[in-house]
Amino acid sequence: MSLITRLLTGNNTLRLRALKSLGKAGYSSHAKFSEHKPIERIRNIGISAHIDSGKTTLTERILFYTGRIAEMHEVRGKDNVGATMDSMELERQRGITIQSAATYTLWKDTNINIIDTPGHVDFTVEVERALRVLDGAVLVLCAVGGVQSQTLTVNRQMKRYNVPCLAFINKLDRLGSNPYRVLSQMRSKMNHNAAFIQLPIGVESNCKGIVDLVREKAIYFEGEHGMDIRLDEIPQDMRVESLERRQELIEHLSNADETLGELFLEEKPFTEDDIKAALRRTCINRTFTPVLVGTALKNKGVQPLLDAVLDYLPNPGEVENLGFIEKEGQDPEKVVLNPARDGKDPFVGLAFKLEAGRFGQLTYLRCYQGVLRKGDNIFNARTNKKVRIARLVRLHSNQMEDVNEVYAGDIFALFGVDCASGDTFTTNPKNNLSMESIFVPEPVVSMAIKPNNTKDRDNFSKAIARFTKEDPTFHFFFDNDVKETLVSGMGELHLEIYAQRMEREYGCPVTLGKPKVAFRETLVGPCEFDYLHKKQSGGSGQYARIIGVMEPLPPNQNTLLEFVDETVGTNVPKQFVPGVEKGYREMAEKGMLSGHKLSGIRFRLQDGGHHIVDSSELAFMLAAHGAIKEVFQNGSWQILEPIMLVEVTAPEEFQGAVMGHLSKRHGIITGTEGTEGWFTVYAEVPLNDMFGYAGELRSSTQGKGEFTMEYSRYSPCLPDVQDQIVRQYQESQGLAQPDKKKKKN
């Protein structure tokens, strides 16, 4: 048996031996023979879930069983090696995944590109980017925790990018695991048409194997690390349940799939292939979610999950990817990109992640159309800059393997390309083609930051420049009012991790100030303006008059700013309208009540006046400044604050204390549920009231409670909160005397 044959057909022990022999034979890795598969033999998948559901451990097992790594390490293992996919030192220390690591592997002659994504809410943008470029995903759920807040976030993101998914209920070996409850939560909370395609043979410490409902066989994982798979008859005590669950699976599938539905109604017999074909069709259409079970830590259920990835998730040719051709004054024209791996069409790729590596900036891309070879020239669609490809690499966590060419469907990386995440690259700069950009949420928390030593300022600047380029949710700016340098992001943990990375990677220890909330200011009702800007001081003067109305946008758009030109005729010449918009957007950076940005406002320019000599774009910009100051005085304003979705889980005996604390923090409780001595409460709480909650929860639940929160929306503040914010702002500006309250004896 040749080495290559042994690799493609042999079991994993043979495969590992073959890999070692190939290494001696001078191959860099199995990149050389997994490089160019036909499109049917490629899968681009992501592994997404709530924090601590076991994503990274599952990826580690997948890499081991597919022969990609020779030994396994745990996320917080005793050997201190850490998981392969957690390449950053900070990730291994904390046992969480911060960046989404990319790798690829081979299973049954199919090339699988895997992106392991973070589960912590503060790193949502990493998940967004990963899902944008994937064709399918594995949603990992904890058999104890079930559907948690971040699971719902990931589910929403999958819906946004239309990503088909398999569900894998992990951690069957944990005390209190209940996969049946998790399935009912998937149906009720996530609205998934879901059913088991596998059942566990025992749970907790009694977890022996799984039942495959499609093949009607029991699967046992034996030998060292569960590498030997033994098929057997379904245990006697599980046959009735297996038949019932198989019938339930067929009913759910028949509701979602026409072909199987007809067979079901005509009461014709089903074959295993009929069910598999229906599962594939419905999974790709997102009308059904197959649910698999297992425990990655105890090496059970991982190989059948890999088989399901090949059987039910789409290849790049089965997913429609659209490009948009921009045309002036028209809606962009949609173009379906050709996924064929033949290089006939021009190359189109999307940069979905940036990383500063040892050799300069590393840019992760997904190729959607055509072929890219070493030495080719490509153009950035946003900047029109030309880039020559000196080196193409494929990634295995933080190790690189050089390749000569990549085709549609491949995930790869380039060096030294100056771009931002979400940029489109093409070989033809004239076609104005771009992919839809990646959705980036607005930051909600800001903190003052300063280096501890003045000599570290250079390193501090380098770190800030790198991190803001890599992560679009991490912002950096200087506040002139308080003369402080501020960073803003998706949460306290997000900013703390960057502070620690500055110290570790750049030798620049920094001090973070207290967290500050990103409030917004908006109008309560419409306010008209008619403003004349006139300045004459010898020579040509300035003259501009604008008339219109500023009005609030609907609540679901209260983070946006809109500008509408409703002028008719030439009272306001069209070349001066951009000046009005520029003036409006400049003034929107700082409100009157609390100095925060304006949002949720539409500026309607309806009429005005100009002077044949004295009018200019600058004059109209200054007129917009004056008009908005007029609206500040005459309009009715309110402050908006970010509201967070909070999920708290704790033992039942602390339910009263937890609910009381949330109510005290102005929380609105939206739901509760209890199970086996534990309860979960869902609430909407203003972010401003959530600081310090972690410590309070720990002390009130004897350290047993835990909570997660994620941004939901902006909503008006309570009147007393607004008064307090306005007063604090006025005091900081020296506009009001601080309250001198009498001290109580």
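Glycine too: its Cβ is placed from the backbone N, Cα and C atoms.
The domain 'tr-type G' feature in Swiss-Prot is assigned to 40-317.
Reduced to three states, the DSSP call for LEU172 (GTP binding site) is coil. In sequence order, ALA143, PRO179, PRO200, VAL203, GLU204, CYS207, VAL293, GLY294, THR295, LYS298, LYS300, GLY301 make up the list of same-chain residues 6 or more apart from LEU172 (GTP binding site) whose Cβ falls under 8 Å from its Cβ. If you look up Swiss-Prot, you'll see 49-56, 116-120, 170-173 marked as GTP binding site, on the strength of sequence analysis.
Over the domain 'tr-type G' (40-317) the predicted model carries a mean pLDDT of 78.
Counting Cβ atoms from all protein chains shown, ALA49 (GTP binding site) has 28 others lying within 10 Å of its own Cβ.
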